[in-house]
Amino acid sequence: MTKQIAFVSLLYTSSSVNCFHHYVKRPVAHRTAVNAIERPAFDPLGLCDAEDSTRFRREDAPRDGRRAALIGLAASLPALATPELASAATANAPNAIGSALVGYGHYLAMIGVTGCLFAERLTIKPNMDSESEDLIAVADILYGLFGALIAYTGYLRAVQYEKGFYFYSHEPLFWLKIAMVGVFGATSFFNTTIIIQRSIAKRTGKLEPMGEKLSKRMISICNAELTALASIPLVATFMARGVSYSESIPWQVEAGAAAILFAGLSFKYIKEALAFEDGPLVPVQDADSEPIP
């Protein structure tokens, strides 16, 4: 029994000594191998040892950070597995998908309208040939389809998605945007009416070449529409952030003003297109042809 106790004591002592030597040698090896700092001859406060221990702890910092991250992840697993939290996180998923698709359609329609306007703007000119007449007719049809898509997706975004109609109805910039869209759409009725008239005349064989006066007027309409199309998104960005939000003005008044503006301008431009008289046709001369007396 005494031999066994002595043997256990010997093992305990040797293991303690080995642990002590391992603990003492590790900072020294770290100091001499990595930092190559010589131990000062006189260090009564033990500052060198404190510096070594600090550097030793810095070396262990990544392992401590990983250990803390694992502990945090393990602690968060029960919360992630809770059905209430999972249902709350996915409660708005269907609404978000619908809102994203409607927003995509809205932006895609705006790009389409812009492309159609540029096509008309670059194609319209005096003495257009038959292919150019067909091109502006197709561009105007696509323009109408994209415009209808803008109106439909805009209605869904204002009523069903985004911030809701209560917010937008008390936002004066929203009704300013609606008024600008009304002006934008009413202005396009001039070119649309002219293009329809010319398409009908082309089918019946009574199409006359476009004069310079009419082409300039149609080009000016396209320029005005492009300017409005660039201004409307600017108003929309301020509107979405609640700039000038006010509940003191009845939204019915603002909506009525926008509707009256749209109706009045629509009547004006359609009437102008129906009564428009083109000027004299300017003959097109080739470079090799003789001047017309």
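Each residue, glycine too, has its Cβ placed from N, Cα and C.
Residues 132, 135-136, 139-140, 142-143, 145-147, 149-150, 153-154, 157, 191, 218-219, 222-223, 225-226, 229, 233 of the same chain lie 6+ residues outside the transmembrane segment (104-123) yet bring a C-beta within less than 8 angstroms of a C-beta in it. Look at TrEMBL and you will find 104-123 (among others) tagged as transmembrane segment.
Sequence-distant contacts of the transmembrane segment (135-155) (same chain, six or more residues past either end, CB-CB distance under 8 Å): 102-103, 105-106, 108-110, 112-113, 116-117, 119-120, 123-124, 128, 181, 185, 188, 191-192, 195, 198-199. Look at TrEMBL and you will find 135-155 (among others) tagged as transmembrane segment.
The transmembrane segment annotation in TrEMBL covers 175-197 (among others).
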